[in-house]
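Take a look at the structure below.
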Amino acid sequence: MSSIVDVDEVVPTSPNAAAPSPQSTRSTQRGEECVVDFSFSPPTGASVVDDDGDDGDAVSNGVHGREATSLSDKQAQVKSKQQRVANKFFQGDPELVFDPRVLGTLADDAEQQSNGGSEHHRESQFALPETTRHPTVLQFSDVTYEVDVTKGEHKGVKQILKGLNGEVKPGQVLAIMGASGAGKTTLLNMLAGRLSAAGHGRSGGSILVNGQKRNFNTFRQISAYVLQQDCFFPTLTVRETITLSAMLRLPVHMSREAKLAQVDGVIAELGLTKCADTYVGNELIRGVSGGEKKRLNVGTELVTNPSLLFLDEPTTGLDSFNAQNVMQTLLTLAKSNRTIIATIHQPRSSIFQMFDLLMLLSEGCSMYFGPAADAVGYFGSIGYECPEEFNPADYFLDLISLDQRSPRAQRTTQKRIDYIGDRFLAYQQQHPVVTDVSDILTKQARQSELGGSAGKPPPKYTTSFGRQVALLTQRSIRATLRDKINNFSSLGQTLLFSIILGVIWLNEGDGISSNSVQAIAGALFFVVVNQSFGSIFGILFVFPVERVVVLKERASRSYHVGAYFWAKTVAELPRTFLLNLLFAVITYFMVGLRDGADHFFLFVVIVFCVSLTAEGLALIVSAIADDPQQAGAIAPAFIVTSMLFGGYFIGVNQIPSWLSWLSYLSFLKYGFAAIMINEFDGQPLDPSCAMSNNGTNSTAMDDGGPLCFAAGGDVLNYFNLDELSLGVNIVVLLAMAVGFRLIAYWILRVNGPVYDHSL
Ligand SMILES: Nc1ncnc2c1ncn2[C@@H]1O[C@H](COP(=O)(O)OP(=O)(O)OP(=O)(O)O)[C@@H](O)[C@H]1O
């Protein structure tokens, strides 16, 4: 036998190599010592076949109960064997040699390590309740995902995930790492049952939960997904946000007190007590810190007491201290028998030490799956020894990232990635990661929580529709009342425009005559346009932001989208009404419109209906658009069309017949017609006009002289607004307000998340 160990001879001794007991793994990773030993330690149970054929047991890590405490002599031997392995391999191919220092990615310094060590080893001050759910083991085998690329130079089938395997048990934290575009989010979404079906991708392989294929209704109830983006209502407090999640998603049979106690528990558990009554905030409203927001994000999911928690880059955007705290929280949660899977981007070394399991992905292929503590040893065994001063996470990412800066760099890095992938594939073929879970789960655990056939399927939503409406209305009212910026700007605009309008047309309506008809008609058209604009932009800049929260909440099946619509409409009615009332009072009396309380109140009703209809239109635009900018770009098309066919600039009978149907869609036309009828119908104007027009038609003279109207009816006739009665115009407006909302609701519904549930 050769005296040099070949990389092919690096074999583990245990079939369960990649699935150690969490406790034992942690004992080596998170024991009392802060400094983790990154010296050689091949994948769990792996050993190096030495010269005389024995299996080098002394390098096994503590997973098998043999604590790697006396590392010195044997490890030195092993290290030298590793070096020989690497030398032998790389002698033949210098392109595979990798020196991370060349990339300038120096590891986290020693200070970080020692800080991190002391931070993450400190005991949690919170008493953690065990999850009441049964423990959950998630296994995935040969998972693939491919999409058809129909555009660009890379047309064809794109393989995004290429035969991935893994297993995560209760109490473990699996970190999925890889360069950008490696497939981390795709894998996480697939495991969480949140892979969008909109991409028309094809998935393959198998995903088992407690040894069974998933029933997604049940799976959704035992699992939770924490999105990368922290999207919340900014004017709700941390406690209110978590409470709403609890009230909507916890079982109805739980008492209110029990739910509130659970909220308190989560707040304490996540270290949010100090900021529990602080607004969440956003760019404009001072709120909680980034780290607290991230923990709130976890909290809104955790309150449902899931046994399986998925997190998409929970530390991204946080400073290293807050990232460390969030990870500490996840560890603590895992200890209470939860199964945690997270994608992680560039963790500092102290965070890396917290993972139980590590999956390294590159271009959809598995580069490593196994205990995180063993990764350094494993890579050492295939010739990639992580320098001691390096953060292993940085080292691995450098190692498995494709460098596309030059053809040569691309070729070299691709070769290295292929080699590492091949090595891991060979290793994995000998040592499958998916094990038999029957020993850790009772039959009841498998069936009662996840069995597809056992028992009645759980309802789609935990709470009734009525309860959802009540809870969401309460939230919307709170959010509306506390949105000071929006409220003050709406109030300011209402005062400003009503006063401007009042000053420009001051007392124009007093002693109304034929001469003042044009001016009054202009003022009334301005009224309906102004109220529409105010309502439209009030929605356009708020709703798309809110929609992101709604989509997130719908994805977790918190409520029916119809409940949200009801709640929003009910909550905003009083505000819309009050602003319209204020506007009406100022303009009506400054302009001196028609005398009579009935006309004034009808005026209020009409402007209110116009506002409601405009809001409905804005909801449609917002439901179509992805963000406020897009909504702002689409909205003018609707507004300008409505204005053009609103009846003021051009009469219906003057519009080309093939375009005249558009006037029936213009809500402004109905608003303008109603407000004009209210002002002019039955109003005597200038009797002499009837005489001058021979009593037949008292509208405008054809010779270019001033318009002359004998009575209000002639004004309506002149503007072609006498087609429908006042009541019918108001009813049409109301019908449009409802119809527009229904259309927006429908768009939101069909645009809602649809997931690929084939695995
Ligand atoms: N539906 C799809 N159609 C086409 N390409 C897709 C689709 N979904 C994902 N991809 C591509 O698959 C690759 C993996 O995407 P994924 O979002 O999983 O990567 P990632 O590792 O999470 O990256 P990042 O860290 O940048 O978020 C990317 O190149 C992405 O562009």
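Glycine residues also receive a Cβ, built from the backbone N, Cα and C atoms like all the rest.
Going by TrEMBL, these are the annotated features:
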{"type": "REGION", "residues": "1-72", "note": "region 'Disordered'"}
{"type": "COMPBIAS", "residues": "13-28", "note": "compositional bias 'Polar residues'"}
{"type": "REGION", "residues": "110-130", "note": "region 'Disordered'"}
{"type": "DOMAIN", "residues": "138-388", "note": "domain 'ABC transporter'"}
{"type": "TRANSMEM", "residues": "488-507", "note": "transmembrane segment"}
{"type": "TRANSMEM", "residues": "519-543", "note": "transmembrane segment"}
{"type": "TRANSMEM", "residues": "576-593", "note": "transmembrane segment"}
{"type": "TRANSMEM", "residues": "600-625", "note": "transmembrane segment"}
{"type": "TRANSMEM", "residues": "631-651", "note": "transmembrane segment"}
{"type": "TRANSMEM", "residues": "658-677", "note": "transmembrane segment"}
{"type": "TRANSMEM", "residues": "726-748", "note": "transmembrane segment"}
Legend entry - Stretch among 576-593, 631-651, 726-748 sharing the most Cβ pairs under 8 Å with the transmembrane segment (658-677): 631-651
Legend entry - Selected stretch (most C-beta pairs under 8 A with the transmembrane segment (576-593)) from 488-507, 519-543, 726-748: 488-507
Inset, instruction - Can you check how the pLDDT averages out over the domain 'ABC transporter' (138-388)? - result: 89
Inset, instruction - Mind checking which residues of the chain, 6+ beyond the ends of the transmembrane segment (631-651), have their Cβ under 8 Å from one of its Cβ atoms? - result: 521-522, 525, 528-529, 532-533, 536-537, 540-541, 543-544, 617-618, 620-622, 624-625, 662-663, 665-669, 671-673, 718-721
Inset, instruction - Determine which residues of the chain contact the transmembrane segment (726-748) at the Cβ level, with the cut-off under 8 Å and only residues 6 or more beyond its ends counted. - result: 547, 550, 561-562, 565, 569, 602, 605-606, 609-610, 612-613, 615-617, 619-620, 622-624, 667, 670-671, 673-674, 677-678, 681
